[in-house]
């Protein structure tokens, strides 16, 4: 039926249309106002999360001493922070779901079947931006700067909500604890490489850190990965005393070495009888050669080569010893390690008045060094700031620089012979019938590596 203003009785139809329009407008206005109220609630709830957990110890102490209701509510809520957090998350999710539901309802009421994908996309994007900006970002920024006042405004409402939602909060906490325990069992092990990368970034950005401080940090990071075999002094470098020596011979060795502890062996170094503490000799310095100094021996502490030095450090602390004899898989003496050796892996070389001033290496220029063959690979890499994993595929069981060259070369090289690996050219300076004694190390720039390798190959062929 068509309507015209010329019809004699149009008023009832127009009144009906006006009422429908007014009813629709009132519905949409109510929904819009309700969404604004919910958005305000979302802002207060989100801000309270930051406010409560940003309170300083002094502010919390003030609340505990106060008699104001809001301060008492803050104190009671913070007694169980997990329940507080669960309550905040429940409220926030309920409010945000209500905002989305009302917005969707209003859209379908207004557009009906004409609601296209574009309209729904625009609505979803707008609601998401509104919730993020007005319900999350702005209130949290405000709460960071005014945490105590914000917490006081929301404390009463949150306290009531915490009581109302307590059964649900406790259930969620129980489920969360189960998941947390399972994750704790698996654990997340940060690799040494990840720690080294983080350390590299940190020290690079921190211009105030000295090289010594950087070295200590690197030592701490790598400390748990080092084995006794990598740190110990080898069997050939051990100063040990035959148990059959008389007191005069013993004192000669003690005076020459300056060591405070000495391993004592019978017949061979593989048969360690105990450890002599030089301080125990002080009351007997005037004794004759026949003095039975062997009665002063302490029981030796033996450890395998594979033991980690962080574990050994704990053993030293528990047993109150400073020295351990390192044994191989067959029970033979492989080397010796002291508390000082372990500490040096963190703080660097420790020298006292009794240490010999032997130079472990000479730096000829920025890229040329002279090393002793017995220098450990670990020390070599620390001095040249090299990643020890570079040699993992070629070092075999060797732990010293000389041993590395034997593994690469497969035989004892002659004096003057050059061996190249990666960017390093090793020149044997001194060698005896049993081992490499001194090595010249040249660290090359990348562009010269290929040419050097060709020169070495051609000299070998000649």
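Including glycine, each Cβ sits where the backbone N, Cα and C put it.
All annotation found in TrEMBL is predicted automatically rather than curated by experts.
The feature transmembrane segment is assigned by TrEMBL to 20-45 (among others).
For 24-212, the entry in TrEMBL reads domain 'CNNM transmembrane'.
According to TrEMBL, the feature transmembrane segment maps to 83-106 (among others).
When Cβ-Cβ distances below 8 Å are used as the criterion, the transmembrane segment (118-138) is approached by residues 39, 42-43, 46, 95-96, 99-100, 103-104, 107, 111 of the same chain, each at least six residues removed from its ends. The feature transmembrane segment is assigned by TrEMBL to 118-138 (among others).
The domain 'CBS' annotation in TrEMBL covers 232-291 (among others). Taken through DSSP, the domain 'CBS' (232-291) splits into 21 helix, 20 strand, 19 coil.
Look at TrEMBL and you will find 296-353 (among others) tagged as domain 'CBS'.
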I need to check the long-range neighbours of the transmembrane segment (83-106): which residues 6 or more away from its ends have a CB within less than 8 Å of a CB in the stretch?
28, 31-32, 34-35, 38-39, 41-42, 45-46, 48-49, 52-53, 77, 123, 127, 131, 135, 158, 161-162, 165-166, 168-170, 172-173
When you scan the chain for residues with a C-beta under 8 Å from the transmembrane segment (20-45), skipping those not six or more beyond its ends, what do you find?
88, 91-92, 95-96, 98-99, 102-103, 105-106, 109-110, 130-131, 134-136, 138-139, 153-154, 157
